[in-house]
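Below is one structure, written out as structure tokens, with a few remarks after it.
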Amino acid sequence: MRLSGRNLKCVRGGREVFSGLDLAATEGEALAVTGPNGAGKTSLLRVLAGLLVPADGTIALEGGDAELSLPEQAHYLGHRDALKPALSVAENLSFWREFLGGKTEDAGRCLAAVGLDHAAHLPAAYLSAGQRRRLSIARLLSVRRPVWLLDEPTSALDTAGQALFAALMRDHLASGGLIVAATHLPLGIDARDLRMGGAA
Amino acid sequence: MSALAALIRRDIKIALRVGGGALIGVLFFLTVTVLMPFAVGPDLALLSRLGPAILWLGALLASLLTLDRLFTADHEDGSLDLIVMSRTPLELACAAKALAHWIAAGLPLIVATPVLGLLLNLDGTATLAVAATLLAGTPALTFTGMIGAALAVTLHRGGLLLAVLVLPLSIPVLIFGVAASQAAISGPLPFGTPFSILCALSLASLVIGPFAAAASLRHGLD
């Protein structure tokens, strides 16, 4: 499997965020997108996730499921956690597990993997920022998707959480997945660096 | 299919919990209808003549009240991104969300109608007629309102805009809903004629609404 983008250009609100960007990542490889604030890291991830239409350039995923598009084979972990405060931790996770579909894992085991099994029946409104992030990570585990698009995945996590997430990312890479992560902090895994330029 | 069922179940669950929209709509409906006899005065004949129109207006405003959160809530917490990316066609996801909204916020209005009919001096037939027209007509309100709700996501803070956009679309539904109720109560038109048109409006909006909303959401992604 190989994810590649050629000559990507992104324009938001009439302002060019980046242009002429090439990227490539193969199976088992992590790409760390770094750069100053406003360099377009989030925009790049949203372009890859199909949530922004690139002004120019092409994106291709070779060796994936030919029936499915890249966004349909990808997990997107954004700034916003996609959690409903009115639902419990377990309900939030099992909704995404059922809605996203495909190959799924046992929800209880995923919660245990991120250290939230003790809080399964707590409404998500009572979770801390780090716990919310852990619950979002459990979503990545509960549904099997080969491509992970992560936007500042470790920002709210404590040291133990960061180590835990690094281990989970390593497992994902070892099982043939690939990761594109925008980050300021070290991810804790071997990753190729994609440096994006300064703000235009 | 299980993805859509999960979406419907989730939205209904959220609407019924504390802070959800279902109860707010019914309370608003109740308030409008209860206040009306005090405003109109103790003229029972006038009240029963105005009854169907009051109930329809109340239902229209109540459904509009909760509709603007249909997509903005999911947009704000990032759920909408994942729904757009998912393997479920966005049109079907929109239809599922509207259906869930109708079940959680529209059906309770219809259930409350017989009770509120008593306050407006409507007899059994009249109440039944209004309830039947609401049952046939409120899906049209939800599914056309969904288009406005999707546009409100694109245009940030579009809550007020929703009312301006959706109200003109709901005028035909209001006209034929009230006309059918009046026809059942006093004639001279047969009940079936305006009621059929009301059903047709609902069916048309069932088809157009999801496509228009999905197109608007896709266009407005950022």
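Quick reminder: no glycine exception, Cβ is built from N, Cα and C everywhere.
Those TrEMBL annotations? Automatic predictions, nothing curated.
The transmembrane segment annotation in TrEMBL covers B:21-41 (among others). Beyond its flanks by at least six residues, the transmembrane segment (B:21-41) meets 15, 47, 50, 54-55, 57-59, 61-63, 65-66, 69, 101, 104-105, 108-109, 112, 116, 119-120 of its own chain at Cβ-Cβ distances under 8 Å.
Here TrEMBL flags B:53-71 (among others) as transmembrane segment.
Counting only same-chain residues 6+ beyond the ends of the transmembrane segment (B:92-120), those with a CB under 8 A from a CB of the stretch are 4, 7-12, 15-16, 20-22, 25-26, 29-30, 33-34, 36-37, 47-48, 50-51, 54-55, 58-59, 62-63, 66-67, 70-71, 83, 86, 126-127, 130-131, 134-135, 138-139, 141-143, 146, 150, 206, 209-210, 213-214, 217. Residues annotated as transmembrane segment in TrEMBL: B:92-120 (among others).
Feature annotation from TrEMBL assigns transmembrane segment to B:126-153 (among others). Sequence-distant neighbours of the transmembrane segment (B:126-153) (same chain, 6+ residues past either end, Cβ-Cβ under 8 Å): 48, 51-52, 55-56, 59-60, 63-64, 67-72, 75, 80, 94, 97-98, 101-102, 105-106, 109-110, 113-114, 117-118, 159, 161-162, 165-166, 169-170, 173, 176-178, 180-181, 183-185, 191, 195, 198-199, 201-202, 204-206, 208-210, 212-214, 216-217, 220.
Through the fold, the transmembrane segment (B:160-183) approaches residues 52-53, 56-57, 60, 64, 67-68, 126, 129-130, 132-134, 136-137, 140-141, 144-145, 147-149, 151-152, 189-191, 193-195, 197-198, 201-202 of its own chain, all at least 6 residues removed from its boundaries and within a Cβ separation under 8 Å. Annotated transmembrane segment per TrEMBL: B:160-183 (among others), in sequence order.
Outside the transmembrane segment (B:195-217) by six or more residues, the chain places 71, 80, 84, 89-95, 98, 132-133, 136-137, 139-140, 142-144, 146-147, 149-151, 153-154, 172-173, 176-177, 180, 183 with a CB less than 8 A from a CB of the stretch. Summarising the annotation, TrEMBL assigns transmembrane segment to B:195-217 (among others).
Residues 15, 21-22, 24-26, 28-29, 32-33, 36, 80, 97-98, 101, 105-106, 109, 113, 116-117, 120, 130, 133-134, 137-138, 141-142, 145-146, 148-150, 152-153, 158-159, 162-163, 166-167, 170, 173-174, 177-178, 181, 213, 217 of the same chain lie 6+ residues outside the transmembrane segment (B:53-71) yet bring a C-beta within less than 8 angstroms of a C-beta in it.
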